[in-house]
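Record features (Swiss-Prot):
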BINDING   Ser50, Ile52, Tyr201, Lys205, Thr234  NAD(+) binding site
BINDING   Ser175  substrate binding site
ACT_SITE  Tyr201  active site, proton acceptor
Amino acid sequence: MSLYRSVVWFAKGLREYTKSGYESACKDFVPHDLEVQIPGRVFLVTGGNSGIGKATALEIAKRGGTVHLVCRDQAPAEDARGEIIRESGNQNIFLHIVDLSDPKQIWKFVENFKQEHKLHVLINNAGCMVNKRELTEDGLEKNFAANTLGVYILTTGLIPVLEKEHDPRVITVSSGGMLVQKLNTNDLQSERTPFDGTMVYAQNKRQQVVLTERWAQGHPAIHFSSMHPGWADTPGVRQAMPGFHARFGDRLRSEAQGADTMLWLALSSAAAAQPSGRFFQDRKPVSTHLPLATASSSPAEEEKLIEILEQLAQTFK
């Protein structure tokens with residue numbers, strides 16, 4: 001990451017990604033965009049047991065949607081499901097325990113889900129940031145396994161289910177941190193470079209943006225989007241970035257503020273009217289590059305990413 005890119009991004013973050021940035025942006029929101037009732041619509045939210053995923057799942061439930069929570073750990077997931085049911089009065093909240101860094105588990109879940117359920121909206125919210133290089137049981141670098149390969153398998157596996165329904169959507173929670181990274185397909189699992197968990201996470205988030213753009217091109221019947229929730233005060237941030245949280249805690253967005261654009265992309269007709277494949281921040285499509293610091297990738301590089309992911313995905317099927 002260049003010094004220029006780092007400085008520009010950090011200044012942008014302080015201006016736009018904080019609580020005050022949200023409070024400024026929301027002045028332009030259309031209030032009735034989220035005044036919708038959605039009985040019969042089916043949503044799948046990964047990482048829906050805490051943070052902005054849980055906040056999004058709760059708001060969907062309050063509006064009558066059926067919600068499938070895909071979570072890793074049984075006990076906190078059960079607690080979250082119970083809380084969502086109590087607060088929303090909606091019983092149509094279902095729980096699936098899946099480790100999204102385990103491709104074999106994801107494939108098994110996808111095959112079972114396809115047989116038993118319909119789906120209108122997939123929300124790839126779950127994320128992983130480990131700060132020391134760890135390998136999964138399958139020998140995959142953990143951040144890459146959960147943030148990139150896991151998202152790839154889950155999304156491509158569920159595309160046939162989504163394509164059967166009216167107004168299908170896929171929302172992937174990326175991060176503004178991806179602005180400091182250019183797509184790098186030469187070391188996807190951090191085998192040849194010093195490991196920096198924050199930068200690996202940012203690279204994964206760049207990969208998600210590229211995948212979203214490519215899926216939008218290949219599957220025009222589905223509305224794809226990626227988004228940045230801003231800097232939100234969530235359990236994940238507190239655990240993965242304790243220093244950052246300690247420094248900026250009082251300036252961070254609430255979980256509801258961080259979830260707002262995710263919810264807007266999932267529910268509003270205004271979001272569906274936007275071109276597919278875009279990257280959103282505070283209900284607006286924004287550039288995927290910093291000014292004077294483009295991180296664009298070639299079609300060949302993007303195709304290489306997809307080829308590697310597809311080969312890995314099939315290995316574990």
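Cβ atoms here come from the backbone N, Cα and C positions, even for glycine.
Distribution of Swiss-Prot features across the structure.
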residue : record                 : Cβ within 10 Å
Ser50   : NAD(+) binding site    : 19
Ile52   : NAD(+) binding site    : 31
Ser175  : substrate binding site : 24
Tyr201  : NAD(+) binding site    : 24
Lys205  : NAD(+) binding site    : 24
Thr234  : NAD(+) binding site    : 24
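Recorded residues Tyr201 (NAD(+) binding site) and Ser175 (substrate binding site) have their alpha carbons 9 Å apart, per Cα-Cα distance. A separation of roughly 6 Å, to the nearest angstrom, links the Cα atoms of Ser175 (substrate binding site) and Lys205 (NAD(+) binding site). The DSSP secondary structure for Ile52 (NAD(+) binding site) is helix. Looking at the residues that bind NAD(+) per the record, Ser50, Ile52, Tyr201, Lys205, Thr234, the two CA atoms farthest apart are separated by 20 Å.
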